[in-house]
Amino acid sequence: MGSRVVNSPPKLDLRESGSGECPWVRVKLPFLIRPLVLSFQQRSSSLATHTTTDLFKSITLTLLRSSLSLSAIHIHYSIHGCIDGSSSVMEIEVGSCSSRKGSGTTSAYDKTTYEEKAARGTFLVWEDLSVVLPNFGNNKPTKRLLQGLHGFAEPGRIMAIMGPSGSGKSTLLDSLAGRLSRSVVMTGNVLFNGKKRRLDTGVVAYVTQEDVLLGTLTVRETITYSAHLRLPNSYTKEEVSSHVEATIMEMGLQDCGDRAIGNWHSRGISGGEKKRLSIALEILTRPRLLFLDEPTSGLDSASAFFVIQSLRNITRDGRTVISSIHQPSSEVFALFDDLFLLSSGEAVYFGEAKFAVEFFAEAGFPCPSRRNPSDHFLRCVNSDFDAVTATLKGSQRIRDIPTSSDPFMNMATAEIRGRLVEKYRRSKYGKRARTRIQELSTIEELEIETKANSKASWFKQLSTLTRRSLVNMSRDVGYFWARIVIYLVVSLCVGTIFYDVGDSYTAILARVSCGGFITGFMTFMSIGGFPSFIEEIKVFYKEKLNGYYGVAVYIISNFLSAFPFLVVISFSTGAITWYMVKFRSGFSYFIYFFLNIFLSIAVIESLMMVIASLVPNFMMGVIVGAGIIGIIMMTSGFFRLLPDIPKLFWRYPISYISFGSWGMQGAYKNNFLGLDFEPMFPGEPRLKGEDIIRNIFGVSVDHSKWWDLAAILLILVCYRLMFFMILKLRERASSMFHSIYAKKTLQHLDKRPSFRKIPSLITSKRHQSLHSLSSQEGLNSPLN
């Protein structure tokens with residue numbers, strides 16, 4: 001059920017909570033509001049002057065911050081300061097059943113049971129988690145990316161996975177989220193609420209480091225389309241709209257809600273706003289577990305603070321948030337509840353972030369005053385400083401500086417890291433973490449409730465995707481408008497050069513040249529839409545991976561959305577060239593001419609979509625596409641007649657699977673059959689079109705031109721099916737190859753003494769490229 005906005009103030013029941021200092025109010029609303037603390041100042045002589053309207057005005061700012069379930073909300077407030085007529089501050093907490101007395105707060109979070117916490121978030125535990133990158137070389141060791149890591153994440157808390165470059169941050173995050181590369185092997189246990197289980201779509205979400213968005217859409221449109229793709233059909237338009245507005249407010253995107261995101265030809269929203277938009281898309285379904293890969297990368301300090309503060313607000317609703325981060329500012333670091341510090345795949349520290357400074361001090365590496373704690377931590381464990389230190393020691397200006405000015409000058413990073421790792425294992429922080437892991441691993445299995453019919457229907461997804469693609473294509477200058485302008489200009493050029501071609505003897509070659517140019521070059525210009533194809537494919541991969549929709553919906557919607565644009569391009573091109581060149585009279589001939597152009601362009605677009613799915617790089621895709629189209633045109637019968645093409649390979653089967661040969665044959669029949677042409681020498685009989693295309697151009701007239709058109713349509717369908725099979729089976733094929741690769745890896749590695757220390761490596765089905773999180777065998781552990 002979606003969120004609703006209440007239009008009139010609810011009735012509040014004011015009661016005393018047991019002392020005159022801290023009264024409380026209970027109000028039942030038809031939705032659940034996130035916990036949020038508000039403050040306002042008001043002059044009053046008594047509490048009674050705080051009317052219902054005043055209280056309602058204070059909480060209306062939170063009305064859109066709603067969840068998907070029904071519940072009663074509790075509003076607690078206390079008066080700080082004097083109430084004898086001087087200024088007083090009323091502090092209101094919405095959604096949390098805690099009480100306030102003076103400045104102290106007793107949170108109900110610590111008193112809730114496992115079931116209550118797991119109702120919204122997820123207890124995530126990982127035990128003895130190791131990841132290795134095998135190397136089959138005889139002299140090269142196996143690279144250990146992660147080494148026996150233990151940890152946990154709890155609902156209502158945000159965890160930072162921090163470390164220098166190459167420390168294993170992204171590897172750990174991908175291991176927990178089930179997105180490891182196929183080239184590595186993972187061992188260990190990963191438990192969700194005490195069990196190895198399958199997590200359905202909407203329970204877990206992953207925000208990638210790259211913001212993959214459609215630049216032509218506005219922020220509100222992007223979130224709205226995503227909502228229609230994922231929210232159940234039971235939601236009304238008003239409920240979807242209010243849900244979208246709630247998410248926009250939650251991520252602080254009100255000011256840019258109606259601005260375009262921006263792409264290569266238009267400036268849009270800022271990097272921080274794009275990152276918050278990416279997060280907003282993933283929290284639409286209120287996932288229990290949210291992974292983020294370096295969400296502050298490339299952002300300034302203010303934008304980074306805004307992003308992490310938004311994530312912290314999400315945890316207030318009991319969600320579990322885990323984020324990798326490289327080097328946060330002190331303000332950003334203070335927002336994290338827990339810290340997992342990595343170095344060379346080992347755990348340097350894991351525990352509450354506020355105790356990390358204390359741990360480093362106890363280990364003999366205290367954080368200097370006025371230094372960012374995260375900078376100090378990374379300074380201790382980043383091996384890149386070794387090279388810097390060696391360079392500085394070799395400098396004449398540095399030689400005379402006392403080593404006591406920097407205690408790290410005489411210590412290698414490996415030595416510092418070794419001390420910290422060993423200290424953590426024996427410290428109270430490590431013991432506390434192991435105790436908590438044992439508690440969470442042995443709790444009774446907590447079922448993750450999933451609602452029936454919690455997804456949009458197939459037809460709703462198809463309709464939404466088609467509408468979104470239509471809007472995107474209509475606004476994309478490169479996909480439609482630039483192409484239509486070029487097509488119109490080229491069509492006018494063709495029309496003027498071949499104007500009123502006639503039926504003279506020289507017109508025979510002119511008609512062939514004009515038809516060959518239209519079938520070849522005019523369709524070749526469809527390659528100009530490749531950048532848009534790449535953008536859409538990236539969006540599809542991201543949305544498919546997070547379980548938005550399936551492959552079939554995307555394939556069909558892509559063709560349906562492109563259909564009107566291809567019709568406009570083909571009709572305008574065909575109308576200009578047909579009536580300026582004056583091939584022949586008759587509306588049926590023009591319809592065939594138009595359909596021939598339309599299907600040829602559609603085939604090229606389908607081919608480029610296939611290439612985009614295999615070569616997700618603009619320059620490589622254009623090169624590969626141009627090469628394939630060139631081969632197709634060489635076997636079309638224009639540059640060399642079909643009977644003269646070498647039979648082996650080029651004639652059979654290349655020319656038969658080439659749309660160009662069928663398109664040219666159909667064009668010949670449409671432009672020549674039934675016409676007579678002047679002979680080369682006066683007095684000779686006129687040349688029949690049928691004899692010309694059979695004897696001069698080697699085109700068989702045994703079948704109708706409509707069969708040639710049907711052959712092009714069949715090739716179009718084959719390309720679309722190929723596109724579908726690539727997207728559909730790529731993940732399954734990669735899974736199969738990964739399984740074979742992993743088994744081969746184990747056979748090689750088991751023979752190495754250096755690898756035998758790692759126990760019982762068994763391949764995991766969780767780490768498959770392009771799998772949605774809902775289909776990775778439940779993010780199961782590789783160990784049974």
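Any Cβ shown, glycine's included, is placed from N, Cα and C.
Taken together, the residues in the domain 'ABC transporter' (124-369) have a mean pLDDT of 88 on the 0 to 100 scale. For 124-369, the entry in TrEMBL reads domain 'ABC transporter'.
Here TrEMBL flags 480-501 (among others) as transmembrane segment.
The annotation transmembrane segment is assigned in TrEMBL to 508-531 (among others). With a threshold of 8 Å between CB atoms, the same-chain residues lying at least 6 positions outside the transmembrane segment (508-531) that come near it are 264, 478-479, 482-483, 486-487, 490-491, 494, 498, 501, 573, 577, 581, 583, 596-597, 600-601, 603-605, 608, 611-612, 618, 621-622, 625-626, 629, 633, 636, 638, 660, 663-664, 667-668, 671-672, 677, 687, 692, 696-697.
What TrEMBL records for 551-578 (among others) is transmembrane segment.
For the transmembrane segment (590-612), the list of distant contacts is 518-519, 522-524, 526-527, 529-530, 533-534, 537, 558-559, 562, 566-567, 569-571, 573-575, 578, 583, 621, 624-625, 628-629, 659-660, 663, 666-667, 670, 705-706, 709, 712-713, 715-716, 719-720, 722-723, 726: same-chain residues at least six beyond its ends, Cβ to Cβ under 8 Å. Per TrEMBL, the feature transmembrane segment maps to 590-612 (among others).
Annotated transmembrane segment per TrEMBL: 618-642 (among others), in sequence order.
The transmembrane segment annotation in TrEMBL covers 649-668 (among others). Only residues 6 or more beyond the boundaries of the transmembrane segment (649-668), in the same chain, are considered here, and those with a CB under 8 A from a CB of the stretch are 512, 515-516, 518-520, 523, 592-593, 596, 599-600, 603, 631-633, 635-638, 642, 693, 697, 699-700, 705, 708-709, 711-712, 715-716.
The transmembrane segment annotation in TrEMBL covers 706-727 (among others).
Packing against the transmembrane segment (551-578) from elsewhere in the chain are residues 458, 461-462, 465-470, 472-474, 479-480, 483-484, 487-488, 490-492, 494-495, 498, 514, 518, 522, 536, 540, 544, 590, 593-594, 597-598, 601-602, 605, 609, 720, 723-724, 727-728: each is 6 or more residues past its ends and has a CB under 8 Å from a CB in it. Counting same-chain residues at least six beyond the ends of the transmembrane segment (480-501), those with a Cβ under 8 angstroms from any Cβ of the stretch are 473-474, 507, 510-511, 513-514, 517-518, 521-522, 525-526, 528-529, 565, 568-569, 572-573, 576-577, 579-583.
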